[in-house]
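Peer 1: Annotations for this protein, taken from TrEMBL, read as follows:
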TRANSMEM  B:6-33  transmembrane segment
TRANSMEM  B:45-62  transmembrane segment
TRANSMEM  B:68-90  transmembrane segment
TRANSMEM  B:102-122  transmembrane segment
TRANSMEM  B:142-164  transmembrane segment
TRANSMEM  B:193-215  transmembrane segment
TRANSMEM  B:227-254  transmembrane segment
TRANSMEM  B:266-283  transmembrane segment
């Protein structure tokens, strides 16, 4: 289903904080249906880059085009409704609400826009539980989110993203702090998601990256250092030197 | 009187206001800067300072200078002690959560105000100036005391600045302001530093009040207007910035003095308040401050 | 496991609220004159508190300037009656409109700030409003205020006018307004919009990244809140026949905060409980001492230190989880 025009394009995208160029002239394109990983050392500008895409940070210059529309000036909430979902690097669930109510907030927003079906209690339950099922949290639906284990909170975070039925799902270091077995589950979850949506993944764990990504972008000091398939990246001497540690 | 001298008089009055205002605003700014606490009861510490000054001066007979000088020492100490206790009993237990502390200091405001009304009464009472010399200018005579208020305020500001930048106490305060957790890890008793800063802030308001009572009388409702003005000064100067506070106080004091000579005071206050609210909306870091968070 | 979610209030909570309204209705016939007067005042002021609660309790916007919305309703209704001889109905509408419009402008500006800055900005806008009522003292007679004569305080209805200064009529009109606003809030908080307000209070950034226009939602909350407060102000003016700038002063911005905190922020019945409680605390205290501000101060500090969730909030936490 990969269409000819990529789902997401950035052109000459820049963002400075004070004198520091966090993102520097990044040209990037992401075809529909791809699972793409961004790697790079801390401070390489990965989170700033995806924040520019989802609208949490405004660009200093350059443009972001999503599905053929220039969204560089679009506020974040409109980008979300246009189909870009972002899951936070630092777990950011509503700690006082139940797991279901967390997801329901995402479902509710989408159903308000869905004029065909509209927002009803039944649709809310149906879609909310559906998202929880996908991440395997259905059994914990009525538990208060703040009391869930850290790994479960990360999954809930992903469920909230999924409940938006996004075309592009951005996962910002989703496996950070997870145990090995949780990471296993996570990989198969993202694989499943990747069948329906385009996934942009920031990740430090190279096993996860190699298992999931069809293509990889390496960033360093705000710039794109290299781009290509997993094998290519592994073989790239510049990447080995800068990031993989030889 | 011709325009020139009239303007000069207005400016002098404005400078006196500015001098007292900057002391008071400095206290507010210090408390906000170090503790991140908006002290709504700051105006009541000011009022308390004036009331205690009257009390000290009226207990003592003799030359007015003795009473005044004693008040200048005792009143800030008394007010600081009250503030210290209030901080330990209330604010510290709220863990300095911003909204809770605002509510608590509003409560404090009412309590202090009511106690002043009950024990001091609704009357406005003056304290005699330590000296009554008038400097004669070609166009009008001007109170030497008012000029000395300006001078003394400048001295107090300098002393506070030296305390903050040149002493170990100041270093500890700045460390606490910079990063509370790290300061604690380095063995700084953050709780006591906070209480000390809160007391110091209140003491500065009390000094301002002692300086002003020979000019304006002590009254239990006198705290509100200076509180709002101090907010204005602190906001325009940039929250937590010492230099900005002084510059803004001079600006506000002068314009307050001059504007109220030409406009109705209500209209002047209205416009000034509106202007400051808009500054806060569109330039929250203040006119002089760098981004304050 | 069966997960349920209701977008409307449950039968249990509807019954509870209907019961409260019926009890208040019965009190009109049971209470002695003096206490009926206090209750009528409390009912109107709880509407003020409920409006405040919508912004502060549910949306987490701690405003220190809501007196301006109450006073906008008060003057919006009172001035046309006094100076232009308007009827009560259009004047009441004018009061509500004035408050809503003011809330729209103030909200639009003040919501650009957050936290402490928001508190100070709202405080300052309210202060400007207060000074304005003093400045136009020719029309408002400032602190002294305007007394609306009994002859104009009549509510025209199809079957003859109602004399709003009659104690029983006054009580019932106050109760009607109270019931309408209580019902509106009860349904609102279960509805998707109410839930999103609470979620914005809890985590604004997360809501934005779920596709919510946070600013628009908050602005709507402020306008709705200001409108309820203005309705309370307009009702106060016509029911009690007095319009003065005292109601625009800072104290009347602090009072709804106090009532809501005492009763329980983000609870539907908290504002009523808090207002009633504080009225009787001050009433009782006044018979021993004139120092009623001391009581206000002590209760504020006591509540924030020991019962930060207020009366209804504590009841909900300990016993009745389903309480809205």
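Glycine is treated like the rest: Cβ placed from N, Cα and C.
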Peer 1: Using Cβ distances below 8 Å and needing 3 or more such pairs, separated by at least 6 in sequence, tell me whether the transmembrane segment (B:45-62) contacts the transmembrane segment (B:193-215).
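Peer 2: Between the transmembrane segment (B:45-62) and the transmembrane segment (B:193-215), contact is present.
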Peer 1: Near the transmembrane segment (B:142-164), which same-chain residues lie under 8 Å Cβ to Cβ, leaving out any that are not at least 6 residues past its ends?
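Peer 2: Contacts with the transmembrane segment (B:142-164): 9, 12-13, 15-16, 19-20, 22-23, 26, 30, 129-135, 170, 173-174, 204, 207-208, 211-212, 214-215, 242, 246.
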Peer 1: What residues elsewhere in the chain lie close to the transmembrane segment (B:68-90), defined as a C-beta under 8 angstroms and at least 6 residues from its ends?
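Peer 2: Sequence-remote neighbours of the transmembrane segment (B:68-90) are 41, 45, 48-50, 52-54, 56-57, 60, 104, 107-108, 127-130, 194-196, 198-207, 209-211, 214.
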Peer 1: Of the stretches B:6-33, B:227-254, B:266-283, which racks up the most C-beta pairs under 8 Å with the transmembrane segment (B:193-215)?
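Peer 2: Comparing B:6-33, B:227-254, B:266-283 against the transmembrane segment (B:193-215), the winner is B:6-33.
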